[in-house]
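Sequence annotations record features per position, and here Swiss-Prot assigns (2R,3E)-phycocyanobilin 1 binding site to N35, D39, T149, I150, G151, C153 based on similarity to another entry. Marked as (2R,3E)-phycocyanobilin 2 binding site by Swiss-Prot on the basis of similarity to another entry: N72, R77, C82, L83, R84, D85, M86, E87, I88. The N4-methylasparagine feature in Swiss-Prot is assigned to N72; the stated evidence is similarity to another entry.
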Amino acid sequence: MLDAFSKVVAQADARGEFLSNTQLDALSKMVADGNKRLDATAAISANAATIVTNAARSLFSEQPQLIQPGGNAYTNRRMAACLRDMEIILRYVSYATIAGDSSVLDDRCLNGLRETYQALGVPGASVALAVEKMKEAAIAFANDSSNVTIGDCSALISEIATYFDRAAKAVV
C-alpha cells in the first residue's frame, strides 16, 4: 500500500502539482479497503482456536470413525497432528487475506499437501470437510459487523471464501 502512496506522490511531484481530489479519493478507498482486510484478518486470528476446535468437533461428530481405534485421528498424537494441520491452513488463509493474494497460501501451505496426505494415508475428503467447516466459522467471524470497518465487505468475504475453497480442493 505504501508503494501506491509513494507512486501517486512521485507522479504529482514530477508534475509540480498538489494531489487531486480523484487521487485522494482513490487513496482513501484503498485505506478503507485495507482497514476492512485488517479487521477481517484480526477477527479470524482472534478466533482461530475456536474456529479450529469447533470445526474438528463437528467433523468428528459427523465422521466418528476418524477418532475410533484405527481411525486417522485416533491417539492423542494423531489428533494433535490433525488440529495442527487445520490451524496451519487457517493461518495461511489469514495471511492470504491480509495480503489479498493466494500465492502465500499456495506456495507455503498447499503445494504438495495432497501428495503428503496420500503418502500418510490421511483421508483428503475428511480434511476438505474440516476446511469447509473452518470456512463457515471464519466467514461468520470476519463478516460480523461489530468486527469490520463500516462498508460493503461482500467482495472481501467472497475472496476469503475462495482461499478456503483452494485449500479444500488442494487436499482431495
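Glycine is no exception: its Cβ is also placed from the backbone N, Cα and C atoms.
Not measured: the values here are computed from a predicted model.
Everything Swiss-Prot records as a feature, shown here on the structure.
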residue: N35; record: (2R,3E)-phycocyanobilin 1 binding site; DSSP class: helix
residue: C82; record: (2R,3E)-phycocyanobilin 2 binding site; DSSP class: helix
residue: I88; record: (2R,3E)-phycocyanobilin 2 binding site; DSSP class: helix
residue: T149; record: (2R,3E)-phycocyanobilin 1 binding site; DSSP class: coil
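I150 ((2R,3E)-phycocyanobilin 1 binding site): 9 other CB atoms within 10 A of its CB, across all protein chains. All protein chains shown were included, and the count of other CB atoms within 10 Å of the CB of D39 ((2R,3E)-phycocyanobilin 1 binding site) stands at 18. The Cα of M86 ((2R,3E)-phycocyanobilin 2 binding site) lies closest to that of N35, out of the binding-site residues N35, I150, G151. Across the residues the record lists as binding (2R,3E)-phycocyanobilin 2 (N72, R77, C82, L83, R84, D85, M86, E87, I88), the two Cα atoms farthest apart are 18 Å from each other. Counting only same-chain residues six or more apart in sequence, the Cβ atoms lying under 8 angstroms from the Cβ of N72 ((2R,3E)-phycocyanobilin 2 binding site) belong to L66, R78, C82, G121, V122, P123, S126.
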